[in-house]
Every structure is written in C-alpha cells, then in structure tokens.
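Have a look at the structure below, then the notes.
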Amino acid sequence: MAQGRDGGNPFAEPGELDNPFQDPAVIQHRPSTHYATLDVYNPFETREPPPSYEPPAPVPIAPPSAPPLQSSRKLSPTEPKNYGSYSTQASTAAATAELLKKQEELNRKAEELDRRERELQHAALGSTATRQNNWPPLPSFCPVQPCFFQDISMEIPQEFQKTVSTMYYLWMCSTLALLLNFLACLASFCVETSNGSGFGLSILWILLFTPCSFVCWYRPMYKAFRSDSSSNFFVFFFIFFVQDVLFVLQAIGIPGWGFSGWISALVVLKVNTAVAVLMLLVALFFTGIAVLGIVMLKRIHSLYRRTGASFQKAQQEFAAGVFSNPAVRTAAANAAAGAAENAFRAP
C-alpha cells in the first residue's frame, strides 16, 4: 500500500510518504510566497526589511516679489525728482545754464536797445525842447538854476560809462580834497600865524578850481565820449595834463602856496602834532588823487587811440564848428563887406 501511495518509489523517506500535504499535487496548488493572492496575503509574513521611504521631490515655489523700497525721506513739492541717470541730469543742468546765459545776454541787449530808443526820441524831439538842465542839482527854491544836462546812462555809450563815471568821482574827490585842505590850512593858521598867506590861497583854490575843473576838463571829456569828438578830446588832454601837474604840486605842499602837502605837514609837525596829522591825511588824499589822475589820463588816451580819432579830424571838427556858428558867420560877412567897401572907396 505504501508502495502504491508513493507511486512505486522505493527510495522515498518514510516521513515524506506519510505526510499527505507533501503530495506533489497539493504542493503545486499551494500559494507561493512570491505570488501571493489577495485573500491569503499576510503583510507580516515577509521577513525582508521594508524599502526606505523616499519623499516626493519638492515642487519649486517662486519667491514672492518684494515690494519696492520707498525712501523714508519724502520729497518736498519743490524738490526735483530723479527721473534719469547722472549723464541725463548733467546734460539737463548744462542746457539750463546755457539758457540762463542766453537770457542774461538778451536782457543786456534789451537794455541797450531801450537806451538807444530813448536817445533817438530825444534827438527827434529836439535837445532843447525835452532836456532840462539837471546839474548842479540845486533845490527848486534856489534862484540859480542848473547849468548843464548830464545823464551818463543815457548819453554815454555803454563801453565808456565806467570811464566817465570814474572821472566824475575823481572830480568830486578833488573838490572834497580842496575843502579838507581849506580846513587844514585854517588849523595851521590858528597854531602858526605866519601861515596866513597859505590860508588865504586855500580859499582862492577852492573857489577857483572847483568850477573851473568841471568846465575845463570834465565837460570836454564828457562831450568827447558822448559824440566821439576829437576836438573835445584834445581840449581834455591839454587841460587835464595841467590838472595832473597841479595834483602833484598839491601833494608836495610847498609852504606858502596854500596846499597842505607833505612838506607843509612836516613843517607844522614841529609846532603842533594834531594839526600836522590832519595835514598829513590831506597830503595822502592829494597823493591818491594825483596817482588816479595820471592813470585815468593814460587810460583815456588809449581809448582815444582805439576810436580812430586824429588831429586832422579835430581840425575838421573845429573848422566846421566855427563856420557853423551864426555869430562867426555874421562877423566874417561884415568884415568881408567892409573890406570890399573900403577897396571901392580907395582912390
């Protein structure tokens, strides 16, 4: 029987033959550990280590856009905003500076045009009809009226206005120096009675030089620059050269001449120190005026050379001025008529 169960295998072991579950037919239909079905699957049956846990790859998340930084300092309403680069700002600043420069030039040209327009209007209406004398500036109740009309900004070309103004200030300084010289000579006469002649001459100089210097050298210079007159330039050069010599003599201060110069001040220093100091200040003032007078004479001469004036032009202007004078023409006509009548009466 055993032989019949094992299929006639005499070499089979007795245990295996007695185990009914070792039947090949049964083993064939037993579930395998490698191919387990769902109903017989036991998760605790395997002894292999569980696979390591692999987390899913993280999906990259775009960082949130940061809000634009705002300056903690608020711009004032008048403060310009920075809309461009440095080069743009530099070019804008250069353009602005150029525009300002052109605007200033246009303003100067407009002022010059206004001045010329006023000159043309005065010339068209007539100088005597519209221009009233305004110098010297006397009060209205004074019985003496102004003798000259003077307006440097209107009558003198712009390039010569500074020179004419400087000469006007020089004349004013010379007048002030003569007044201080009179006071110094008065003080000197008070401390030293022998200086009476100098005190008397100081009064004469202030009364003589003040009006004569204005009429003899300042007015010719003013008219020369106003109308580009060569004859007035020559009159000015001759008289102002003499005036410069007088300025030097005033600064030297020869005793008895009525000038409180350096020599007179040093002489009085032995008598009274306070009066000598006053005379030294006047001498210093005279010295400054003399230096400025020499400098201005050279400067005006250089301007005269650049204007194209000449001695021949001065002669022509002088001749034209003489023959255009009605009094001169009347005198010349009378002289010619008298000479002709005498010639016909001669035997």
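A Cβ is built for glycine as well, from the same backbone N, Cα and C atoms used for every other residue.
For 1-89, the entry in Swiss-Prot reads region 'Disordered'. Taken from Swiss-Prot, the feature topological domain 'Cytoplasmic' covers 1-170, 298-347. If you look up Swiss-Prot, you'll see Ser32, Ser72, Ser76, Ser85 marked as phosphoserine, on the strength of similarity to another entry. Sequence annotations record features per position, and here Swiss-Prot assigns phosphothreonine to Thr37 based on similarity to another entry. According to Swiss-Prot, the phosphotyrosine annotation covers Tyr41, Tyr53, Tyr83. Here Swiss-Prot flags 49-67 as compositional bias 'Pro residues'. Per Swiss-Prot, the feature transmembrane segment maps to 171-191, 197-217, 247-267, 277-297. The SUMO1 cross-link annotation in Swiss-Prot covers Lys313.
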(message) Using Cβ atoms and a strict cutoff of less than 8 Å, what residues sit near the transmembrane segment (197-217) while being 6 or more residues removed from its termini?
(response) 171, 174-175, 178-179, 181-182, 184-186, 188-189, 235-236, 239-240, 243, 246, 255-260, 264
(message) Within the topological domain 'Cytoplasmic' (298-347), what mean pLDDT does the predicted structure show?
(response) 62
